């Protein structure tokens, strides 16, 4: 069994840190603070985090780099995918244009987690705002992919509670997906168009049919196909065998609200973990909200990809 080490990195304490994306070319981890309204770049070589805000966007759900332009990124703003310009070090980024919008009639919804597949396609989903009530009350979210050629969103799955973690196997023909309100991880076959079929539950986190004291949140995958599931309220990232659904390792973090994870570093063998300091039910003392790295896991991740808007 791997002997791992957890270390806090120099970074601000996020209200709701999320969306870690490792950029191989820039050897940097990009992530966002949803309710802090900020984007971040952790520079591996400098061991330093750069932070920026964008005027007019107090809530930012995700961030991903854009293929072919090292200053452009997409971010999630309300129910929109928004293109911005950022040099990676300045304290402000600038709005470029709106790429697309969903659910114009559902003002109580927002985008949540989103990622890009190996073909540069955007996948992301929505949820009802936490401030509008218990997340288990209503299922108003939808999971989408974006068709850049047609300039439109394609609905993949409806009746979502909280659209959350997603990742693909190395071949790109299996998608793993979390709706936090389902308290499980599901696997889907992915066809050439990027559409989904053959739903299978990989792991159900319920305990004897009852809710666990956490919800599954963000997720990543290693090169061997094991999943790493962050648990909001669980102080843990679970390493899960994607074939058998067995928990292979429990990675413990020094704060409750663990939000997401991504492999990075020069050898893709460092697991970066985001967390949240936002008080939903109980106060969250420091280091809640910090960015962490986990080393010594003995595995490598798979590359992450920029979005292709061409």
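Cβ from N, Cα, C; glycine included.
The feature domain 'SMP-30/Gluconolactonase/LRE-like region' is assigned by TrEMBL to 16-276. The divalent metal cation binding site annotation in TrEMBL covers 18, 164, 217. The substrate binding site annotation in TrEMBL covers 110, 112, 130. The feature active site, proton donor/acceptor is assigned by TrEMBL to 217.
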### Message
Return only the integer: C-alpha distance in Å from residue 217 (divalent metal cation binding site) to residue 110 (substrate binding site).
### Response
16
### Message
Please list, in sequence order, the residues in the chain of residue 112 (substrate binding site) that are at least six apart in sequence and whose C-beta is under 8 Å away from its C-beta.
### Response
61, 62, 76, 124, 125, 126, 127, 141, 162, 163, 164
### Message
Residues other than 110, 112, 130 within 8 Å, Cβ to Cβ centroid, of the substrate site?
### Response
34, 61, 109, 111, 126, 127, 128, 129, 162
### Task
Give me the Cα-Cα distance between residue 18 (divalent metal cation binding site) and residue 110 (substrate binding site), rounded to a whole Å.
14
### Message
If I restrict to non-local contacts, at least six residues apart, and a C-beta distance under 8 angstroms, what lies near residue 130 (substrate binding site) in its own chain?
### Response
280
### Query
When you measure from the Cβ of residue 18 (divalent metal cation binding site), how many other Cβ atoms are you left with inside 10 Å?
27
### Message
Restricting to the record's substrate-binding residues (110, 112, 130), give me the longest CA-CA distance in Å as a whole number.
### Response
11
#### Entry: Local confidence of the domain 'SMP-30/Gluconolactonase/LRE-like region' (16-276) - pLDDT mean
97
### CB within-chain contacts under 8 A for residue 110 (substrate binding site), separation at least 6
59, 61, 76, 78, 79, 126, 127, 129
### Query
Excluding 18, 164, 217, which residues of the same chain place their Cβ within 8 Å of the centroid of the Cβ atoms of the recorded divalent metal cation site?
112, 113, 162, 165, 178, 180, 218, 230, 232, 259, 260
